[in-house]
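*Asks:* Copied straight from Swiss-Prot:
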DISULFID  C98-C289  disulfide bond
DISULFID  C212-C220  disulfide bond
DISULFID  C266-C273  disulfide bond
DISULFID  C378-C465  disulfide bond
DISULFID  C403-C461  disulfide bond
DISULFID  C407-C457  disulfide bond
DISULFID  C416-C443  disulfide bond
DISULFID  C418-C432  disulfide bond
TOPO_DOM  1-50  topological domain 'Cytoplasmic'
TOPO_DOM  72-551  topological domain 'Extracellular'
TOPO_DOM  573-607  topological domain 'Cytoplasmic'
TRANSMEM  51-71  transmembrane segment
TRANSMEM  552-572  transmembrane segment
Amino acid sequence: MNLKKYFIRVLHRLQKGPGYTYKELLVWYCDNTNTHGPKRIIREGPKKKFIWFFLTLLFASLVFWQWGILITTYLSYSVSSSLSIGFKTMKFPAVTVCNASPFKYSKVRHLLRELDELTEAALERILQSKNRDATSALPLNSSETPSQTLNLRLWNQIPLVLIDESDPERPVIIDLFETDESGSGAQPNNSSPALVNVTSEAKKQKVAMKLCSRKALPNCIYRNFTSAAQAVTEWYILQSTSIFAKIPRNETVEMGYQPEDMILACLYGAEPCSYRNFTPIYHPDHGNCYIFNWGKDEEALFSSNPGAEFGLKLILDISQQDYIPYLTSTAGARLMLHEQRSFPFLKDLGIYAMSGTETSIGVLVDELERMGFPYSDCTMNGSDVPVKNLYNEYNTTYSIQACLRSCFQAQMFETCGCGHYLFPLPEGVSYCNSEDDPDWAYCYSSLRSSIGHRQFCIDSCKETCNDIQYKMTISMADWPSEASEEFQYMQHPLTYERDQSRNATLDRNGIIKLNIYFQEYNYRTISESAATTIVWLLSSLGGQFGFWMGGSVLCLIEFGEIIIDFLWITVIKISNWGKGLKQKRARAQYPDAPPTVSELVEAHINL
């Protein structure tokens, strides 16, 4: 019963409202608030009232302005970085070593015979063009041509041309091996894209690759280079890529350098190791590669001391006498330090170790710790990235390099209908080659130079929130020395596991020694933390309010209370106005007063 009476009183109180007018409520607030300023507005004389009203309004505006800046700063989610340096026991990095040449020439010579003959003849033609006018280049059937039996099947797919720019407005294009009249001295079609990579106006002739689309609307682009050697090398790589794309993976592995031939000696700390401690992986750019301490099938190794005596020591034999002449112009080993279970992208992140040297690499580990959403758009494991990671077939962790290449391969398949040889394949896709996909080189070159496709991949891929980078300090010395080279052990295989039946000798042009170790300070941690937190925001808001108006949280509650009272009064006034309007409409519908009881009785009797 008491509870019912209480709710009835509450209902009546709500219907009645605060019991003040707007003016009375405002005067009551100014007289009772703990905020400085409003009290003086109602207690001082007319002049001071105006002054205090102006000051209160000014400082209140300053408070709201400062609050806006603080809230905007907080919502920007800025970060601050901290740096720490020291030495601690850490995982030794995974070390990937490859030969600069992806294959042994002795094992792929039969595949490249036609291409090598074309390359040799093309170089001869280019050399001839240096000594005569470009338009007088000899045709294929000339008696002066030394290569009359060339098979031009590969050449017709992707030819090399000379571009004579004696007249810049009308450049003349000459095929090195002209097979019909349509190509001799032809000028580029107006619909063809402009010649790319023209960097030197002084040179009258340039060597370029002619890449054509053979679809319904034929179109050609010309990729020209600053040097003939560079043009021939890029052309050779493109042609050989098409050839090797048709070879099964198990056969290409057999064509490369085997671990027992390449890794002669291994020592980690004081423990001996061998090629059996390396995990093989096939890399399209460098053939067979071998990873030490990858941590994929075994526990990662740790290092607790700085210096070369506690690191990894390797002796490698690159056998550069078996390099592919036109494919590999660099002799040495390609190596990369990377995190465990991450894929080594040697073409972009690897370094070369020169043959005939002892290369010492001091390692400093950079640990990057980024804040996640909403402070940055990084990803923890790539699960929130819209690009399918094609490198998952290696059971490796996510990286932005893997994402960018997977994105490019997906666009390559979508645009060209096949996949590029340098990247893993999506399911159900085959590698591009000139026989099955005659337009692939044109399509690949167009896609590679497309800014829109490139930007799409950049926008789709995310950086990892936690990343490890290895900074290297590299020093080199000749190895072996002239005196040591005379030692007997330098004239025979350095490992007992090597085939002793072969009369194999080693020379400084094919042998490399590597020392990889942690420096005195082996780690540097760069970590991000939130520059603004909710605690910072509340304290800053309170500080500004207290400084300008002497207020506190209770003052804000008081202000909130009067706002509620204002709204309450407004609702009641609107409600009363609605009731009055309804009554007026009712009176307008029935203008006469209702009859009394006696009038109703009299009317009934008269009936």
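Glycine too: its Cβ is placed from the backbone N, Cα and C atoms.
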*Asks:* Roughly how many angstrom lie between the C-alpha atoms of C289 (disulfide bond) and C407 (disulfide bond)?
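*Replies:* Between the Cα atoms of C289 (disulfide bond) and C407 (disulfide bond), the distance comes to 24 Å.
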*Asks:* Looking at the disulfide-bonded residues C212, C220, C266, C403, C407, whose Cα is closest in space to that of C418 (disulfide bond)?
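*Replies:* Going through C212, C220, C266, C403, C407 one by one, the closest to C418 (disulfide bond) is C407.
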*Asks:* Which residues, sitting 6 or more apart from C443 (disulfide bond) on the same chain, put a CB under 8 Å from its CB?
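*Replies:* Within the chain, C443 (disulfide bond) has Cβ neighbours under 8 Å at S213, M412, T415, C416.
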*Asks:* Give the sequence-ordered list of residues that share a chain with C273 (disulfide bond), lie 6 or more positions from it, and have CB atoms under 8 Å from its CB.
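*Replies:* In sequence order, C266, L267, F292 meet the Cβ cut-off.
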*Asks:* Relative to the Cα of C432 (disulfide bond), which of the disulfide-bonded residues C98, C212, C220, C403 has the closest Cα?
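*Replies:* If we rank C98, C212, C220, C403 by Cα distance to C432 (disulfide bond), first place goes to C212.
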*Asks:* Can you tell which of the disulfide-bonded residues C378, C457, C465 lies nearest to C403 (disulfide bond) in space, using Cα positions?
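*Replies:* Result for C403 (disulfide bond): the nearest of the disulfide-bonded residues is C457.
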